[in-house]
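The structure appears right after this line, and notes come after that.
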Amino acid sequence: MNGVLLAIGVLLPICLASGALLGYAAVRLRVQGDPVAERVNALLPQTQCGQCGYPGCKPYAEAIAAGDRINKCPPGGEATIQALADLLDLEPEPLDAAEETPPRVAYIREAECIGCTKCIQACPVDAIVGAARLMHTVIADECTGCDLCLEPCPVDCIEMREIAPDVRHWKWPPPSPRLIASDRERAA
């Protein structure tokens, strides 16, 4: 019993001193981040796909905070551009792509898959499941359509397919501005 009390008596001051030193170092050596970049990063989809020309969402957020354009994120689409424009008090710009493509997901032809796991390693959102030397499959609800899994596949068994409109992926066409204006005129 005396040995236990002796060990506690020796270790307790060491732990308290180490904790105080770590707490002081955390406050004194704190790295200040850009609050605008952090808020922009929170709005980006976090797919880390690189389609914007930056290696991930955080570097793109830092570039936006430094003055880069807000319309380079295809996975985020128009909704992200609008949210960024509202945050930064800018005019929303059209998406910087040839055309806005319909949402797509990866599809693995399982009969051709050799189970190399290269696509699993490339997927930034862990939407591909499988084990070594066994076929893999894609969780469509998790897939962001970033295309990063296509290139590493040695047997080209992955393809991108458009998401067919169904109950979960339906888009109503927006009403025409003239219709909205005429409704307001009648209400007034």
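Note that Cβ sites are derived from N, Cα and C of the backbone, with glycine treated the same way.
According to its DSSP assignment, Cys52 ([4Fe-4S] cluster 1 binding site) is coil. Residues or ranges marked as [4Fe-4S] cluster 1 binding site in Swiss-Prot: Cys49, Cys52, Cys57, Cys73.
The annotation [4Fe-4S] cluster 2 binding site is assigned in Swiss-Prot to Cys113, Cys116, Cys119, Cys153. DSSP classifies Cys153 ([4Fe-4S] cluster 2 binding site) as coil under the three-state reduction. Cβ environment of Cys153 ([4Fe-4S] cluster 2 binding site): Cys116, Lys118, Cys119 lie under 8 Å away, each six or more residues apart in the same chain.
The [4Fe-4S] cluster 3 binding site annotation in Swiss-Prot covers Cys123, Cys143, Cys146, Cys149. Proximity of Cys149 ([4Fe-4S] cluster 3 binding site) to non-local residues of its own chain (separation of 6 or more, Cβ distance below 8 Å) is seen for Ala106, Cys119, Ala122, Cys123, Ile128, Ile158, given in sequence order.
Feature annotation from Swiss-Prot assigns domain '4Fe-4S ferredoxin-type 1' to 104-133; the stated evidence is sequence analysis. Within the chain, the domain '4Fe-4S ferredoxin-type 1' (104-133) has long-range Cβ neighbours (under 8 A, six or more residues past its boundaries) at 47-49, 139-140, 142-155, 157-163.
The feature domain '4Fe-4S ferredoxin-type 2' is assigned by Swiss-Prot to 134-163. If one looks beyond the domain '4Fe-4S ferredoxin-type 2' (134-163) by at least 6 residues along the same chain, the residues whose Cβ comes under 8 Å of a Cβ in the stretch are 45, 47, 49-51, 75, 102-128, 169.
The region 'Hydrophobic' annotation in Swiss-Prot covers 1-26. Mapped onto DSSP helix, strand and coil, the region 'Hydrophobic' (1-26) counts 25 helix, 0 strand, 1 coil.
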Mean of the pLDDT scores, which run from 0 to 100, over the domain '4Fe-4S ferredoxin-type 1' (104-133): 93
Intrachain C-beta neighbours of Cys143 ([4Fe-4S] cluster 3 binding site), sequence separation six or more, cut-off 8 angstroms: Val105, Ala106, Val125, Ala127
Cβ-Cβ distance under 8 Å to Cys73 ([4Fe-4S] cluster 1 binding site), same chain, at least six residues away: Leu44, Pro45, Gln51, Cys52, Tyr60, Thr80, Ile81
Least buried by Cβ count (within 10 Å) of the binding-site residues Cys49, Cys146: Cys49
